[in-house]
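See below for the structure under consideration.
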Amino acid sequence: MNNLSFFFVFCLLATLSHAIELDFCVGDPSLPRGPQGYACKDPAKVTTDDFVYTGFRGEKTPNNVFGNNVTLAFSDVFPAFNGLGISMARLDFAVGGVIPVHSHRTSEVLILVKGSIIAGFIDTTNTAYYKRLEVGDVMVFPQAMLHFQINVGKTPATAFVSLNGANPALQLTPTALFAGNLPADIAQKITLLSKNEVMRMKRIFGTA
């Protein structure tokens, strides 16, 4: 075995041995977050409650301009996800509510549990894949694709999503363009909107 092959095998074994060193790594959000997530909580202090998340209980009232309420279960609020490469969220829609165009660093799978929505994504060739979903339907949104959901039913709707990353991030396109510190003249140029339209959007987000 040459030196390069030996080095490769050594690195592989080292990685595997590290991966199985612990049964789990419940994160400790009181410590700084690194590229691989949070440092592990002392296993002696881990309890069953660390593996249970109750934030999805009860009714969720849509509370923003989009008519939705998103309850995130990422590793910062559910530390048991730390190191497992998964996370979840609950999506609640008012009648006519939407989850606007957004993206994550990860792929996403959605299951609809109440109501009726149109869900879809747009790929890098600008082809849109969308469908009306009914209760029990599941849809997948590939990694980093722009995607959206719209409540098209006559009642509120609820869905749950799972993502293949403990911290998948969430970037809403309208918020990124109009709710941050991007100057109005730049937003106008890159969106082809008029100045009045840009200012209307910024007023909606309270940044005009």
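Just so you know, glycine gets a Cβ as well, placed from its N, Cα and C.
Predicted, not measured: the structure shown is a model, and the values here were computed from it.
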As recorded in TrEMBL, which of Cys11, Cys25 forms the disulphide with Cys40: Cys25
Of Cys25, Cys40 (the disulfide-bonded residues), the residue whose Cβ has the fewest other Cβ atoms within 10 Å: Cys40
Nearest-integer angstrom distance between the alpha carbons (Cα) of His104 (Mn(2+) binding site) and Cys40 (disulfide bond): 25
Candidate nearest Cys40 (disulfide bond) in space, where candidates are the binding-site residues His102, Glu108, His147 and distance is Cα-Cα: Glu108
DSSP helix/strand/coil residue counts for the domain 'Cupin type-1' (54-199): 22 helix, 57 strand, 67 coil
Under 8 Å by Cβ from His102 (Mn(2+) binding site), counting only residues of that chain that are 6 or more apart: Leu146, His147, Phe148, Leu170, Gln171, Leu172, Thr173
